[in-house]
């Protein structure tokens with residue numbers, strides 16, 4: 001057969017794969033000028049506030065707490081998030097990731113709240129304290145899973161078998177799987193959520209390409225511009241009486257004065273360990289929380305991969321992922337000590353913000369951690385920002401989560417999309433990753449409990465919680481299929497893109513790993529990466 005003629009100069013060619021993402025203004029090791037870095041750090045602080053407020057606002061009233069307890073829990077969660085972010089960026093994965101509250105831990109926490117051992121408590125405040133102590137005990141045990149798997153290197157051995165093909169469904173659904181926190185939350189107050197979404201797209205995607213002067217400013221600081229405009233708009237609607245005669249639920253979502261945080265927050269207060277009392281332990285609750293902790297490992301692994309891409313770093317080596325998971329376990333241990341009623345994982349929305357700003361600098365995220373700690377101590381000022389209506393955050397989430405999901409899809413550039421094996425693994429893992437959690441969530445919404453409903457609540461949670469999690473199900477299916485299907489065929493290794501990440505499976509194989517991921521203060525001598 002005759003060879004194909006060489007392509008003509010003007011003939012279109014496929015885009016070549018890129019190991020590092022181009023067009024990033026400041027990569028992981030190149031910080032912006034200090035004034036710009038401080039403003040960008042403040043943006044990360046604003047973005048992470050959404051999750052920091054949503055989770056305690058959902059949990060604390062069920063625990064028996066009022067506005068004062070809610071404000072203190074938010075303050076504590078914010079304070080510990082700042083500490084955990086500094087630990088992760090200095091000693092963990094070294095990626096520019098914010099370590100904040102995790103929605104994954106909400107389900108087992110609600111299970112603890114509904115446990116029968118608190119039914120006989122009539123005093124709401126005492127019930128809150130007892131429930132918080134039970135949550136602390138479960139989180140202490142759950143943290144050991146991540147600490148052991150991370151620091152022992154066991155998780156490194158799991159990640160070594162990850163290929164670009166199996167990473168696609170995992171990373172994509174870490175972003176796309178949070179769709180219920182996007183437009184459904186925008187629609188709870190569409191008159192402020194939708195303007196935020198539209199302005200966010202306009203400022204970050206259109207204005208930088210339309211304007212001739214200052215075009216980088218609008219894209220890079222789009223969060224500050226849009227939140228300021230829509231927050232002011234929501235304030236005008238509130239004081240003008242637009243929500244006087246609407247339902248209380250609508251007022252809670254739309255008004256700027258219904259959070260109860262400013263009144264409940266102290267002026268100055270420093271959270272401290274065991275401020276709610278000594279933790280209590282229940283074996284069943286600990287087992288359920290341990291399973292949730294394992295799910296958080298899988299989710300954060302996908303988020304680490306996305307962050308490494310948007311920081312214009314090379315693919316994060318398995319040993320560095322494992323080290324990051326170990327420090328995430330330390331973070332959950334701190335959560336349990338301080339009493340946040342929640343565990344820690346990588347804040348997906350902040351990974352999306354790296355893409356919006358084109359700034360993946362580690363220093364920027366470390367500055368944001370300083371803001372978290374500062375505003376947690378100055379309770380009233382922190383509560384002011386935390387009182388931003390949640391539909392405004394939901395409008396931003398539509399952009400941030402979309403970027404993280406798209407990052408997962410971008411790894412298809414390393415795979416052979418003309419292979420039927422590739423098509424099956426991609427399609428099946430995506431479909432099952434969406435369909436199975438949909439079944440579990442629909443069943444729970446109709447019946448009030450998951451499909452697995454035995455007399456042991458902890459056992460129910462151990463099955464229902466993981467199979468309600470989209471990235472966990474999709475990642476598990478893709479990982480299993482990719483590492484078991486037709487591996488004897490010589491073309492499979494290239495089809496799945498495994499060879500592209502060969503040089504990054506060991507820390508020392510690529511010189512760039514030292515630049516991006518080595519520990520500070522010459523600590524690599526004492527804690528070498530492999």
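Placed from the backbone N, Cα and C atoms, the Cβ positions cover glycine too.
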What range among 329-349, 392-412, 455-475 does TrEMBL record as transmembrane segment?
392-412
Seg_contact(the transmembrane segment (217-239), the transmembrane segment (73-91)) with at least 3 CB pairs under 8 angstroms, min sep 6:
no
Ranked first among 73-91, 364-386, 392-412, 424-440 for CB pairs under 8 angstroms with the transmembrane segment (38-61):
364-386
Considering only Cβ pairs within less than 8 angstroms, which of the stretches 97-116, 392-412, 424-440 has the most against the transmembrane segment (364-386)?
97-116
In the same chain, which residue numbers or ranges, 6 or more beyond the ends of the transmembrane segment (97-116), come under 8 angstroms Cβ to Cβ?
44, 47-48, 51-52, 55-56, 58-59, 62-63, 77, 81, 84-85, 87-89, 131, 134-135, 138-139, 178, 181, 282, 285, 288-289, 291-292, 295-296, 299, 303-304, 307, 328, 331, 340-347, 350-351, 365, 368-369, 457-458, 461, 464-465, 468-469
